[in-house]
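Undergrad: The region 'Disordered' annotation in TrEMBL covers 124-154, 171-193. The feature compositional bias 'Acidic residues' is assigned by TrEMBL to 134-146. Look at TrEMBL and you will find 173-191 tagged as compositional bias 'Basic and acidic residues'. Residues or ranges marked as transmembrane segment in TrEMBL: 238-255, 275-293, 305-323, 355-374, 379-399, 419-437. Summarising the annotation, TrEMBL assigns domain 'Peptidase S54 rhomboid' to 317-465.
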Amino acid sequence: MQRWQRSIWHQQRRALLTGSVVKHYIDLPPNYKDEQGLPFQQTDLDAQEVLSIFGPGMSTQSANTLLRIIHGRRVAGTLEDPAYHPHTASFTSSQIETALSYLRKTVPVDEVINAGLRAEDELRELERGVAPPEEIEEEQPAEEGAETAQKSEADDVYGVGVFDRIRARNRARQAEEEQRLEEERRKKEAEQPEVVAGELVTVDGLHPEARSPWVREWQYKATTGAEESPEMTKWDRLAPSTVLVLLVVAAAYVLSEVYKPPKHEDRLWPEIPPAAATVFAILAANIVIWSMWHFPPCWPLLNRYFLMAASTPRPISIFGAMFSHQQFKHMIYNLPLLWFFGTRLHDEVGRGNFVATYIACGSLGFLTTMWELVLRDRLVYTTLGASGCVMGILTAYFWMHKFDSFKILGLPPDPYEGIQGLGFIGLVLGFNLVAVVRRKRHMVDVASHIGGMAAGVGCGEILRRRLERRKAVLQEKQQSVKMSKQVIQKRIA
């Protein structure tokens, strides 16, 4: 029975088995593609299941993608076909073996029969001079292989065997696939697409899907050595980062006490206000690092020092992650808020206090996330972004004006007062708590937000008291000068 005649009966049979897992070659969907694979069960694996199967070095999305591809090849009989290897080139051999072993244990498939049925179809179609069904949708993929076969047939007195034709056709398909990937890479470089990531992402959010050999090479270099999470106790994971953050926060406090701003003529940009210059420098650092995430050769450096990973904790990465964004929409959400509230806070407290607040809020925010991820065994997640810093700056500003009223676009109108600073803090906190309750697949690093806000309250209170003391000292000096003038005037009189 030819495959073309069987297809109608197969489609009818699949209609009766909707929702079931395809295990037989004769049930292979007509629109099957190797890079998409086939469902291996009713629902995808969750993060904990992936962690138990592949370990912390494998993300949930990547694991399910690999399992679908491998299951599809088991059904299509193409497990050993090198023409399809580019679709799994971004995975390590150990990950592929783990996926295949897991599927063989959980989803029984007669791989030998499926491979045999596929070989029969290919041989029959080659003998008839017709391309396989999955190649009809493509634009003559076997032309180069046909030319090679014709040349070999002219030189070989014995002619060309069926397996030689299969080999030539597979080589042609592989060459065409590599050419297509190269064209996609050039197109992506021209368009400069954004990297898929978020504030709190799983490991698959580190980089865009690798579709070209060049991108796959740098993705491999960026993740080499990160497949296995070191065996550590929870305290061993948390202690180094905790100690370093506390030391840095203490140093930031000292900086805020001893820092003296330079004279106007000694400033690097004297024509720009100090607040604008300071905040602009921070914004520029964030933009530069965001740009680096779009240049694959930078990935090894960024993964090591500008991305906080609970599975492989590097204390110094907490501070690099404060200036790091992968998504443009993530960055464009944070930076305007940082500019709006940062310049206002800077104008009130000065550069030393502002920089100390930024560092303290960001580092304590990420430390909160580190504790949350480790204590809850969520080691598959990573995080980055300036959100903790922004939340801390915003909270510190409103805490210093906690009983002052603020109007938005002149609303509410007079004589009504606006919302107090405490009200804005409660509103921002409420949004974050709602995100916790309604958390779905898109994960938000609420822990760093709340940790940054808590640090912002502490910094805001310290700054408020410090300004009050300075104001009191200034008033005493002014009073002393006034009294001295009065005494001098009396003596003169």
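The backbone N, Cα and C atoms fix where each Cβ goes, glycine too.
Just so you know, TrEMBL annotations are computer predictions that nobody has curated.
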Undergrad: Which stretch, 238-255, 275-293, 305-323, 419-437, tops the Cβ pairs under 8 Å count with the transmembrane segment (355-374)?
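TA: Comparing 238-255, 275-293, 305-323, 419-437: 238-255 has the most Cβ pairs near the transmembrane segment (355-374).
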Undergrad: For the transmembrane segment (238-255), find every same-chain residue at least 6 residues outside the stretch whose CB is under 8 Å from a CB in it, and list them.
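TA: Those are 313, 315-316, 318-319, 352, 355-357, 359-360, 363-364, 366-367, 370-371, 374, 462, in sequence order.
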Undergrad: Can you check how the pLDDT averages out over the domain 'Peptidase S54 rhomboid' (317-465)?
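TA: Mean pLDDT across the domain 'Peptidase S54 rhomboid' (317-465) comes out at 90.
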Undergrad: Is it possible to list how many residues within the domain 'Peptidase S54 rhomboid' (317-465) are helical, extended or coil according to DSSP?
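TA: Result for the domain 'Peptidase S54 rhomboid' (317-465), in helix, strand, coil order: 103 helix, 9 strand, 37 coil.
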